[in-house]
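Each remark here refers to the structure printed beneath this line.
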Amino acid sequence: MPILSLSDVSKSFGALQVARAISFDLEKGEALGIIGPNGAGKSTLFNLITGNLQVDAGRIHFEGRDITRVPAEKRCLMGFGRSFQIPQPFEKLTVFENLVVAGAFGSNLPENQVTGLCAEILVECGLIDRANDPAGSLTLLQRKRLELARSLATSPKVLLLDEIAGGLTEAECHALVETIRAIHARGVSIIWIEHVLHALNSVVSRLLVLDFGKVIGLGEPGEIMASREVREIYLGIEI
Amino acid sequence: MIWIDTIIQGILLGGLYALFAAGLSLVFGIMRLVNLAHGDLIVLGAFLILVLVTALGLNPFLATLVAIPLMFALGWGLQLVILNRTLGDDILPPLLVTFGLSIVIQNGLLEGFSADSQRISAGALETASIPLGPVTVGVMPLLTFLSALAVIVALNQLFYRTSLGRAFRATSDDPVTAGLMGIEPNRIFAVATGIAFVVVTIAALYLGTRANFDPTIGPARLIYAFEAVIIGGLGSLWGTLAGGIIIGVAQTVGAAINPEWQILAGHVAFLVVLAVRPRGLFPKGL
């Protein structure tokens with residue numbers, strides 16, 4: 001049974017259709033990459049999965065359960081973690097507090113039972129030496145890492161990463177990929193939206209291509225990147 | 001000597017204004033909701049305490065302890081059922097709804113208690129005083145000030161030392177992201193308003209024992225509360241106490257010069273701070 005399953009999910013903003021009958025399954029422990037041109041509806045798809053936006057049509061199942069109408073905060077408790085494309089830390093809280101809030105409320109545990117986990121995550125994500133600084137004082141790389149760390153603190157079963165490698169230097173990107181690989185190796189299922197393809201392809205085993213809210217390709221990364229349609233639409237190469 | 005006495009009385013009066021303001025500051029800080037009914041809610045709390053005192057023969061302090069859970073429940077319910085629906089990008093709906101609530105409370109109280117002015121009797125405590133160095137201070141004003149200190153210390157502890165407080169601050173920062181961390185902003189807001197109503201009840205005790213009150217005096221208390229919050233800087237509870245003290249001292253000093261200047265002096269002090277430091281003395285986010 002897939003851990004997450006979307007069937008014919010659609011969403012429109014007025015006349016603009018941002019998701020057109022999207023269907024795919026995510027297997028437990030799988031890492032799936034999502035690519036597509038800007039405005040293809042990738043972040044919207046995440047909003048539909050996390051419940052920040054309600055679908056107009058179609059169903060979403062998580063571990064076999066229909067969650068189409070479950071609100072965002074309940075979905076978080078069920079096991080969804082999400083990092084934003086533009087980092088959204090709680091700027092006035094310290095880095096550690098950002099994680100503690102996520103850990104305590106995201107898994108319904110008292111604070112003193114999550115502080116250990118939060119400290120481990122900070123070490124893993126390379127933020128432990130900034131633990132007591134306000135999150136608003138972090139650099140871009142650190143904010144991206146905090147996004148990842150905070151979503152991990154909710155003990156997610158499915159981790160949704162939105163362009164987490166964008167804007168990083170080569171070395172920073174490499175270090176982040178190593179962290180994500182380690183998280184994946186622990187059995188966390190991952191859906192990752194990314195434009196930095198070499199980073200993405202070193203983690204995911206399947207790629208899904210979105211264009212104008214529609215799935216136009218789903219399969220092995222090599223196969224997808226070789227397909228004519230994807231090269232035309234996504235890479236802009238005239239063949 | 002008379003000046004020291006005047007200033008100390010002003011500081012103690014500032015404690016009362018800080019109590020008026022703390023609940024307002026709390027609600028504004030967490031959900032950016034300006035509660036125009038805040039003054040009327042303090043008067044409502046005072047009438048509730050009065051009813052408990054007269055009907056059950058309770059001591060006012062005991063009656064306040066009984067009133068606190070009732071007021072918490074009222075605030076919690078009000079936020080959940082009405083005020084949460086007004087929150088959003090537009091700041092007008094909460095202003096209109098709380099303004100309406102202010103009218104409803106005033107007229108409800110007029111209907112129930114008439115326009116007669118009332119007073120909660122604190123017995124011998126009302127006139128008790130203790131020597132404090134060169135001056136003598138009333139026990140009730142001192143208790144008011146100490147209560148204000150206790151409320152502000154307790155709220156600060158709540159904000160910075162507890163799980164609930166971190167949820168308050170996270171939700172205040174970004175309700176949508178807080179939702180993704182498993183926090184339900186609407187429930188968090190309801191608890192916050194409940195806590196603000198607890199502070200309102202404590203303010204009501206000292207409002208009702210200090211001087212006469214009637215159903216229509218709420219808006220005047222609201223003005224002092226607003227001024228204290230703005231002098232102190234939005235989001236800072238210690239700033240709110242400082243703001244209350246500045247208004248209190250300005251009023252007593254004004255009154256010492258000429259009794260007609262008491263209220264005016266408080267407002268002038270507010271305007272001076274607003275002109276010199278428009279963001280308040282200690283501005284910061286909650």
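In case you wondered, yes, glycine gets a Cβ from its N, Cα and C as well.
TrEMBL has this to say about the protein:
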- B:6-29: transmembrane segment (TRANSMEM)
- B:41-58: transmembrane segment (TRANSMEM)
- B:64-83: transmembrane segment (TRANSMEM)
- B:95-115: transmembrane segment (TRANSMEM)
- B:135-159: transmembrane segment (TRANSMEM)
- B:188-208: transmembrane segment (TRANSMEM)
- B:228-249: transmembrane segment (TRANSMEM)
- B:261-280: transmembrane segment (TRANSMEM)
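Among the stretches B:6-29, B:41-58, B:64-83, B:135-159, the one making the largest number of Cβ pairs under 8 Å with the transmembrane segment (B:188-208) is B:64-83. Counting same-chain residues at least six beyond the ends of the transmembrane segment (B:6-29), those with a Cβ under 8 angstroms from any Cβ of the stretch are 35, 38-39, 41-42, 132, 135, 137-138, 141-142, 144-149, 151-152, 155, 172, 192-193, 195-197, 199-200, 202-203, 206-207, 210, 221-222, 224-229, 232, 234-235, 237, 240-241, 243-253, 256, 286. No contact links the transmembrane segment (B:41-58) to the transmembrane segment (B:228-249), because fewer than 3 Cβ pairs that are 6 or more residues apart lie under 8 A. When Cβ-Cβ distances below 8 Å are used as the criterion, the transmembrane segment (B:228-249) is approached by residues 7, 10-22, 24-26, 28-29, 148-149, 152, 155-156, 266, 269-270, 273-274, 279-286 of the same chain, each at least six residues removed from its ends. Beyond its flanks by at least six residues, the transmembrane segment (B:95-115) meets 33-41, 43-44, 47, 78, 82-83, 86, 214-216, 218-219 of its own chain at Cβ-Cβ distances under 8 Å.
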